[in-house]
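Pulled from Swiss-Prot, these are the features on record:
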TRANSMEM  26-46  transmembrane segment
TRANSMEM  65-87  transmembrane segment
TRANSMEM  128-148  transmembrane segment
TRANSMEM  163-183  transmembrane segment
TRANSMEM  194-214  transmembrane segment
TRANSMEM  232-252  transmembrane segment
TRANSMEM  284-304  transmembrane segment
TRANSMEM  325-345  transmembrane segment
TRANSMEM  385-405  transmembrane segment
TRANSMEM  411-431  transmembrane segment
Amino acid sequence: MQTVSSPKQKLNFGQRLLTLLQNRDFMVSLVLTVVLLILFRVLAIIPLPGIRINESVLDRNSNDFFSLFNLLGGGGLNQLSLFAVGISPYISAQIIMQLLSTDLIPPLSKLVNSGEVGRRKIEMITRIITLPFALVQAFAVIQIATNAGTGSSPISLANSGSEFIAFYIIAMTAGTYMAVFLGDTISKKGVGNGITLLILSGILSQLPQGFIAAYNVLSGIVITLTPQLTAAISFFIYFLAFLVLLFATTFITQATRKIPIQQSGQGLVSEVKTLPYLPIKVNAAGVIPVIFASSIMSIPVTIAQFQPQTESRWFVEDYLSLSTPVGIFLYAVLVILFSFFYSYIQINPERLAKNFEKSGRFIPGIRPGNDTEKHIARVLIRINFIGAPFLTVIAIIPYIVSYFIRLPNSLSLGGTGIIIIVTAVVEFISALRSAATATNYQQLRRNLAIEVQQTAKQDSLEQLQKEAPGIGNLW
C-alpha cells in the first residue's frame, strides 16, 4: 500500500525544485514571468526616435535625479527609452496613497478596511495619481536632456521643438502605464511581485557593467605593486565587501520580533513558543525611507544645476550635495527620521490593537485596547533603534566611499540598489516556496484520495470473502 508523507514535513531544495517542475501551471507562470521581464528589458534599452546618446558623458552618477529615477524606473533612463521614467511615478503614487490612507483622510481609511472592493478603488485612485507624477517626471527628464550641452546630462535630443518634447512626454508617460501593466500581469499570472521584479531586472542588468567600471577605477589606485595585481586585489576586496553587505542586508531584512498572540477562550498556554505570533520586521519601513531621503536631497541639487553661478547655488552644492560631509550627514538624519515615521505608518499599532480587540485576540500579559497599542508602539521603537541605523549605514556607504576614494556613487557598495535586490530576491524565493508547498499539498491530496479508494476496495473485498468464503475461488 502506498504511504502518504505528512504535509508537515519540510521539503528540501531538491524536493521543492522537483515538485515545481512537475507543476504545469507553475511552469507556465514562470515562463510568462521570464518573457515579460525580457520584453521589459528589450524596450528599456531602445531609445525613442530622435534621441542622441552622448557616450562621453553617459554617466549615471552625473546627477542624483538621474541616479534615483533610473534605479526605480527599471534602468531605462540612460537610453531615454519608452521606459525612461518607468514605474517610479507609480511607486511615488503608492507611497502617497499609503500615507493618506491613514487617519489623515477618513474616506481613504475606510476604503482600506473595505476588503477587496476597497482595495480595487485604492488601486484605481493610485493609477490616477500616477498620471501627474509621470507627466512631471517626464518633463523634468526632457528639460535635463535639452540642457545636455552644458555637460551635466548624459543624453540630448536631436530636435528640441515643442512638438517633439510633447511627443517624448506622452511616450514616456504611456511607458509608465505599460510598465505598470507588465508588473500587474506578472503579479497576477506570473511568479512573485511584478513591480519589484521589474526594478530588480534593471538593477541586475547594470551590475556587470558596474563591476567592470569598478575594476577599471580601482586599477588606477596607486600602490607599490604592478597595476594588474593592484586591480585584482582591490577588486577582490570590493567584491568581498559587496557580498558581506548583501548577506548582512538579507539578515536584517529577514529578522523579526515575534509578539505572541492568544485567542480569547483558548485557555492558559504553558509554553509561549506554541502560540501564534505577530511578526514585526526589524526593518519594517523597507527601502521607502531611503527613497524619501534621496528624493528630498536630490531635488534642490537638480534645480540648482539650471541656475546661474550665484551664492544660493554655491550654498546648495556645498551643503546639500551628497558629495559633501554636510550633505551626507543631513541625508543620514533624514533616513533615520523617515525610518521611524514610515515604520509606524506601516505597522499602525492603533489599527492592530483595534483589530485584536474586535477578533478577540490579545497579547498575553497586556490588556486589550490602549495598553496593547502602547506595547506594540514600544516594541516598534525599540527594534527601530536597530533597523534605522543599519538602514542608514547601508544608504550612506556609497557616498562615504565616493568621498574618500575616487569611486563613483553608482559603483560604490550599498545604497537603495542592494536593499531592493535583497527584498526582491527574498519575495521571489518566498513565492517559490509557497508554490512548492501548495503543489505538495495537492499531490498529497491526490495520493490520499487514491489510497482511500484502494483501502475501500480492499475492505469491500475482505467483507465479501467473510460473507461467502468460496467467492475467492470463483476467480
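Even glycines carry a Cβ here, placed using N, Cα and C.
Since the structure is predicted, the reported quantities are computational estimates derived from the model, not experimental observations.
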>> Would you say the transmembrane segment (325-345) and the transmembrane segment (284-304) are in contact under the rule of three or more C-beta pairs closer than 8 Å, pairs 6 or more apart in sequence?
In response: yes
> Which stretch from 65-87, 325-345, 385-405 shares the most C-beta pairs under 8 Å with the transmembrane segment (232-252)?
Replying inline: 385-405
> Which one of these stretches, 163-183, 325-345, 385-405, has the most C-beta pairs shorter than 8 Å to the transmembrane segment (65-87)?
Replying inline: 163-183
> Which one of these stretches, 128-148, 194-214, 325-345, 385-405, has the most C-beta pairs shorter than 8 Å to the transmembrane segment (163-183)?
Replying inline: 128-148
>> Three or more CB pairs closer than 8 Å, sequence separation of 6 or more: does that hold for the transmembrane segment (325-345) against the transmembrane segment (194-214)?
In response: no
